[in-house]
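Participant: One structure, as structure tokens, below. Some questions next.
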Amino acid sequence: MPDSALPPCSILLLAGGRGQRMGGRDKGLIEWQGLPLIAHLHRLVRPLTDDLIVSCNRNQERYAAYADRVVSDDSRDFPGPLAGIRAGLAVARHPWLLVLPCDAPRIDRALLETLLQAAGRTPARPWMLRCGGQWEPLFSLIPTHLAEEIEHAWRQGDRSPRHVLLPLGAEAIELAAGDPRLANLNTPELLANHRELK
């Protein structure tokens, strides 16, 4: 059951990319430390929500084992993570949508709780992690009431989550440059380098 001390949130795991850096392989299903990457994220976030959403454009039946709902965006050309965020916002059942990439298995519960606790301070604005001054929009917490504004930006042709969220008054959780919890294991080399790390 979700922690009642934290604001109720839906959680979206983004697994919809082409996997170009992985030679076209579906990143979320690649194994790391004996489990698919998506399984590590599922194990971490499952206690935080009763509305776990996975956005993917292929292998939906396999991802269904790790989600309450599987969604896909409405384009066939892999238009990027904002498409998955739109799909998640469209079905989210709670006032907040916590967005995470499927290829970041080193993120920890403490950091997610910090992000969720921040929501109570400014409930109308999105929150993002900012690592060494660099915004990380795929580690974000978005009020679902902003879905219409995000949809408007999409219709105007904006495909960048950062460009869309910043004008909505995004707040930052500051992290030091190189924080290993945000490591995206999105190439074979990175996957190998982090394979033995706990």
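Backbone N, Cα and C atoms are what each Cβ position is placed from, and that goes for glycine too.
So Swiss-Prot says this about it:
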- Leu14, Ala15, Gly16, Lys27, Asp73, Asp103: GTP binding site (BINDING)
- Asp103: Mg(2+) binding site (BINDING)
Participant: Should Asp103 (GTP binding site) be counted as helix, strand, or coil on the basis of DSSP?
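Facilitator: SS state of Asp103 (GTP binding site) = coil.
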Participant: Return the count of C-beta atoms lying within 10 angstroms of the C-beta of Gly16 (GTP binding site), excluding that atom itself.
Facilitator: 28
Participant: Once the DSSP letters are reduced so that anything not helix or strand counts as coil, what is Lys27 (GTP binding site)?
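Facilitator: Going by the DSSP assignment, Lys27 (GTP binding site) falls within a helical segment, counted as helix.
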Participant: Report the same-chain neighbours of Leu14 (GTP binding site): residues 6+ apart in sequence with Cβ closer than 8 Å to its Cβ, ordered by sequence.
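Facilitator: The answer is Ser55, Pro81, Gly84, Ile85, Val99, Leu100, Pro101, Cys102, Leu138.
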Participant: Is it possible to get the count of other C-beta atoms within 10 angstroms of the C-beta of Asp73 (GTP binding site)?
Facilitator: 22
